C-alpha cells in the first residue's frame with residue numbers, strides 16, 4: 001500500500017492531518033465525555049457498613065467499618081475502609097491519626113487475634129484456647145493472691161491489698177463491662193489497675 | 001454520568017468544555033484554621049487511607065515533618081515552623097497543613113499541555129486525571145504553591161483531589177472528617193468565609209491583631225483557605241507565599257505565546273489556500289519532461305564512464 005502512495009497523495013493526507021489538528025487546537029474538537037472519566041468512582045458504594053469502637057485508647061471513639069464481599073461461600077467479606085462514626089457522641093465522626101489508620105491495624109500480620117502462651121523457658125508464643133488461657137490465668141492469680149494478699153497493715157489497720165498483680169483492661173467496652181471489671185478487680189484487692197473507666 | 005453534582009468549568013490544553021448542566025453549582029471550600037491545629041496528623045493518615053496510598057517508613061531528622069516533603073503518595077503534609085515573635089517575645093509553634101490550594105485560577109491547569117489531564121469543576125475543585133497525564137511536570141512549574149509531585153513509578157503528577165469522589169456524593173474530604181479539633185472545616189465557600197470571620201474576631205480578641213483569612217487574590221482566590229494568626233506575614237508558616245502568582249513564564253507561554261502560535265497557524269493555512277486558488281498547483285510542462293529525460297540520460301552515461309571496466 002505504502003509503495004503506491006504518490007508524493008502528491010502523501011502531501012494531501014498529511015495536509016488533512018495538520019488541518020484537523022489545527023481545527024482541534026482552535027476549539028472545534030468534539031465535546032468529550034471528560035467528566036465521566038475524571039471523577040473516581042465512590043469506593044464505598046455497595047459496601048457493608050458496620051459500627052464498632054476503636055480499640056486503641058480509652059476515649060473509645062465510634063468507628064464505621066466498610067466491608068466488601070457479600071459473605072457467600074466463595075466470596076469472603078473483608079474490611080476495606082474505616083472512618084469515624086458521625087453518630088457516635090464521643091468523637092462525632094472524627095478520629096486521631098492512629099484511628100484514621102485502623103485499616104492497616106486490622107490487616108496487620110502481627111495483629112493479636114487469639115490468646116497466645118509462652119511456656120516457661122520457651123522463646124516463642126503459641127496459640128492456645130480461651131479455656132486454657134482463662135484457666136491458667138485464674139490459677140496463677142489465685143496462687144499469687146493466697147501467697148501475697150495483705151489483709152492488715154503493720155499497724156493493724158485492715159487494708160485488704162493485693163499489690164503483686166496488676167490488671168490492664170480493655171478500652172473498647174461498654175459502661176456495664178467497665179463497672180463489672182472495676183468491681184471484680186477492686187474486690188480482689190488489686191491496686192495497680194487501669195481501664196477505660198478511668199476516663 | 002457517574003454524578004450530577006460535578007460539572008467541568010475548565011479543562012487543560014483544550015478550549016472545548018462540556019456545557020454546564022443542572023443549574024448553578026455551589027462553590028465549595030476547605031477552611032484550615034491554623035490556630036486550632038494541634039499537629040496530630042490525623043488528616044495525613046485519613047488521606048493515605050482514603051486514597052489507597054501508603055508512605056515508605058522514613059528517617060527522623062529531628063523535626064516533626066513526616067514525611068519531609070509532599071510526595072506522590074502524601075498529598076497533604078503538616079509543616080511545623082518555629083517562630084520567635086519579636087513583639088511579644090513568645091516562641092510560637094506554627095503548624096500548617098500543606099497541600100493543594102485548589103486555586104480559582106489554577107497555574108497547573110494553565111501550564112498543562114495534555115488535553116484533559118487537569119480539570120476544574122464548577123464547584124472549584126482542581127483535579128488531575130491521571131489517564132491523560134503525560135508526566136511533563138509543567139504543572140509543577142505552573143503551581144505557585146509548589147504542590148504537584150511526579151511519581152517515579154508511573155511518571156505522572158499527583159496532588160490532593162479535595163476528595164472529589166467524596167464531594168461528588170455529598171461528603172466532605174477525608175482529612176476534614178477526621179480532624180479531631182475541627183481545625184479543618186468543609187462547606188460552601190461562603191459558609192467557610194463566615195466561619196473564618198468568627199474565628200478572626202475571636203483571635204483578635206486574644207491579642208492577634210493581624211489575624212486574617214488567607215484567600216490570595218493573585219490566583220483568583222482559593223478553595224482551600226487558611227485562618228492565620230499572623231496574616232500579615234504568611235511566609236512564617238513554613239513559606240506560605242505572600243502574594244502567590246502564576247509564573248510570568250507560564251503566562252507568556254500559554255497566554256500570548258499560544259495566541260501568536262495559533263495566529264501563525266491560521267495565517268499559514270490561509271496563505272496556502274490563497275496560494276492554491278491564485279497560483280494553483282505546480283504543473284509539469286513538456287519542456288520539463290524533456291529536460292528530465294536528458295538529465296537521466298546524462299546520469300546513466302556519466303555513471304558508466306566513471307566506472308572503468
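Each Cβ is built from the backbone N, Cα and C atoms, and glycine gets one as well.
Matching B:47, B:143, B:163 to the [4Fe-4S] cluster 3 binding residues that TrEMBL gives (B:100, B:103, B:108) identifies B:143. TrEMBL lists B:47, B:160, B:163 as [4Fe-4S] cluster 2-binding residues, and of the candidates B:37, B:40, B:175 the one it assigns to that same site is B:175. For residue B:160 ([4Fe-4S] cluster 2 binding site), the same-chain residues lying six or more positions away in sequence with a CB closer than 8 A to its CB are B:47, B:75, B:76, B:99, B:100, B:102, B:147. With DSSP classes pooled into helix, strand and coil, the tally for the domain '4Fe-4S ferredoxin-type' (B:28-58) is 9 helix, 6 strand, 16 coil. Through the fold, the domain '4Fe-4S ferredoxin-type' (B:28-58) approaches residues 64, 66-68, 71, 73-78, 80, 93-97, 102, 123-125, 160-163, 166-167, 173-189, 192-193, 195-196, 199, 203, 208, 211, 222-229, 237 of its own chain, all at least 6 residues removed from its boundaries and within a Cβ separation under 8 Å. Comparing the Cα of residue B:139 ([4Fe-4S] cluster 4 binding site) with the Cα of every entry in B:37, B:40, B:103, B:108, B:163, these being the binding-site residues, the smallest distance points to B:108. Residue B:108 ([4Fe-4S] cluster 3 binding site) falls within a helical segment according to DSSP.
According to DSSP, residue B:133 ([4Fe-4S] cluster 4 binding site) sits in a coil region rather than a helix or strand.
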